[in-house]
């Protein structure tokens, strides 16, 4: 009997040549309190925490912003600044430059919003902005849709990982276009893909990891849960379970039933009935 120990199923999560222990990224907005955020991060141990520079006051606008930044540093989790709230390419570039100075990192989650109602990314300008940031030395993680052509264009300009949505930000609906998401995974097998928006339940996270996605980024699903700390733990466990299931090689789906018990060794009267039915 062949048995693969669980240890051999663990594989590194690599982004821009850097390895991370977790496949969960966690947003820092909309928590009931800083203490709740801190506890959620501590229990889920994400690879990174995302911070919106334009909304958190991390530049030092008052004591609140400084306290927030000090708390993040004390947690010891890498910070991924984002450009949330930016609607023009110039806003994105300015925010990214400021974030690099404030947080002392070249990592940036690129958000360029094209519609303030759906919060859909501006897919027309996104590749050009990504290229500009990459030329400035940033490690760009672009928030995008599941559109294959857009994702290829982002790779062409130098992005080494992508963050397609499952559904619009904050909707919690899970993957609303499973076919397109699975096609995207199949067509870009060597690209790290992190599902960025629209997940509401741990089962949603497990599902996309089972499809072969490399990680998930969560915020509202944890921050707005009745018990955010418990939900953070549940998502961390779901991500691990989904990835382990993917690596384990799930059985193929079938259209018809197939008995799990073999005919060999069945009582003779059952075997007889089987032969007659055949």
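Cβ coordinates come from backbone N, Cα and C, glycine included.
Long-range Cβ neighbours of residue 109 (active site, schiff-base intermediate with DXP) (same chain, at least 6 residues apart, Cβ-Cβ under 8 Å): 50, 80, 81, 82, 83, 141, 142, 143, 163, 217. The annotation active site, schiff-base intermediate with DXP is assigned in Swiss-Prot to 109 on the grounds of sequence analysis.
Within the same chain, the residues at least 6 positions away from residue 220 (1-deoxy-D-xylulose 5-phosphate binding site) whose Cβ sits under 8 Å from its Cβ are 27, 30, 169, 170, 172, 200, listed in sequence order. For 170, 197, 198, 219, 220, the entry in Swiss-Prot reads 1-deoxy-D-xylulose 5-phosphate binding site.
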- Query: Helix, strand or coil at residue 170 (1-deoxy-D-xylulose 5-phosphate binding site), per DSSP?
  - Reply: coil
- Query: Going along the chain, which residues six or more apart from residue 197 (1-deoxy-D-xylulose 5-phosphate binding site) have their CB under 8 A from its CB?
  - Reply: 119, 143, 165, 166, 167, 168, 169, 170, 217
- Return the residue, from the listed binding-site residues 170, 198, with the maximum count of other C-beta atoms within 10 angstroms of its C-beta. 198
